[in-house]
Amino acid sequence: MQKNDDLLRERRKDEHVALGVKQNEQLAPSSLKDIQLIGTSIPRYNVKDIDLTTTIFGKNVPFPFYINAMTGGSRHTKKINAELAEIAREVAIPMAVGSQSAALKNSSLIDTYNIVREINPNGMILANVSPEVAIQDGLQAIEMLEANALQIHINPAQELVMQEGDRSFSHWLTRIEEYVKLSPVPIVVKEVGFGMTRETVKTLADIGVQTVDLAGKGGTNFAQIENDRRRDQAYDFLLDWGISTGQALIDMQHQDAPKIAYLASGGIRNPLDIIKALALGADSVGMAGQIIYSLKKEGVTKTIEKLELWKEQLRGLFVLANAKNIAELKTTPLIVSGELAKWGTLREINLVKLANRK
C-alpha cells in the first residue's frame, strides 16, 4: 500500500509540472493590466542610480523577485529543481521548493529537494509544507534544505478538486500558529493561485504571521491541473475560483488591512508586472510557471539571460516612475481602471488616494 501511495505522489508531481507548462503556453491578459503607474518625462535618476534591494524575512536581497514553489518529489523533478537552483544562484534571487510532503513520507525522495542546497549553498532557500504536516515533520523539512524560511501553503480549493486531496481544514489555523511559535526560521503563509483577501491576511496576522504571499489567480491554475487529472473532470465549474493577484494587491490598500509584509505572485509576466506589484506594497514578486516554461522551452542559460535582462529593464522602469528604490516606488501615484477599479470600489478601496499619493 505504501509503495502505491509513493508512486501516486510521484506521478502527481510529474503531472503538475507537465500540466503547468502546458498552461503557460497560452496566457490570459495580466490581472495587473488595469493598473497604470503615473511616471515622469523628466527623471530625477539615472539607471545606474537605481537600487533594487529589498528586505524579506529580515534579510536584504539584491533583487525584488524570486522563484516560487513548484516542484520536487520525483526523479524528473529532481532535475528541474537542480536547474532552478542553478538559475537562482546565478541570478542571485531566492527560491522555494514545492511541497516536501513526498520526501517526509518517503526518505528516498529527499535528494529531489535538497539538491537545491547542494547547487546553491549560499542562496536564500525556502522550505515548503502544508498545514497538514505535523510540526516535527515541518522542522525536518527546514533541516532537509538548511532553509532560510518556511512557506506554509494553504490550498483548500486545490485539495477539494484533487480526488486524493484533504477534506478537513478546521485545524489549519491552529497548526499555522504552532509553526509561528516553534519554527527556527521565518514563516511565510502562501496561497497557491487563488489569492488572499485582506480578511484572510488579518486572520493570519492575528496569530503572529509576519509575512504572506498573496499568490493570486492569473498564473498556474491548480484547480484546472487537478481537474485535468480527474477522469470525470467533475470540477470544471470551479476553474475560475479565487481572486486575482491584482485584486489581492488592491485589497491590501484598504485602511483596515493589516500592516504586515506581503509578497505577490500569480501570473507575473514581465518587469512591468513586477514594478506594479511592488508599487502596490509587495516586498518581492514570485514566479513559478513562467520560469519553468522558459526552462523547458529555452534551457538554463537562456532563462538566466532573460532574468538578467529583466533586472536592467526593471531599473529603467524605476527611472520612468521617478523612484530611486522600492520605498520611493511605494509612494508613486497609480491609476486603477476597468474591472479592477469596479472591484476595488466595491471593496471600499480609496482609489483616488492611490492616484494622488506622493
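Glycine residues also receive a Cβ, built from the backbone N, Cα and C atoms like all the rest.
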Given that Swiss-Prot annotates A69, M70, T71, S99, K190, T220, G267, I268, R269, A288, G289 as FMN-binding, name the residue from N46, N122, N128 that shares the site. N128
Give the number of CB atoms, excluding that of N128 (FMN binding site) itself, located within 10 Å of its CB. 27
Residue, out of the binding-site residues T71, Q158, T220, whose Cβ gathers the largest set of other Cβ atoms within 10 Å: T220
Could you check what DSSP calls A69 (FMN binding site) once collapsed to helix, strand or coil? coil
Mapped onto three states, the DSSP assignment of Q158 (substrate binding site) reads helix
Let's check the environment of I268 (FMN binding site): how many other CB atoms sit within 10 Å of its CB? 28
Distance check, please: Cα of T71 (FMN binding site) against Cα of E159 (Mg(2+) binding site), rounded to an integer number of angstrom. 17
Determine the Cβ neighbour count for A288 (FMN binding site): the number of other Cβ atoms within 10 Å of its Cβ. 26
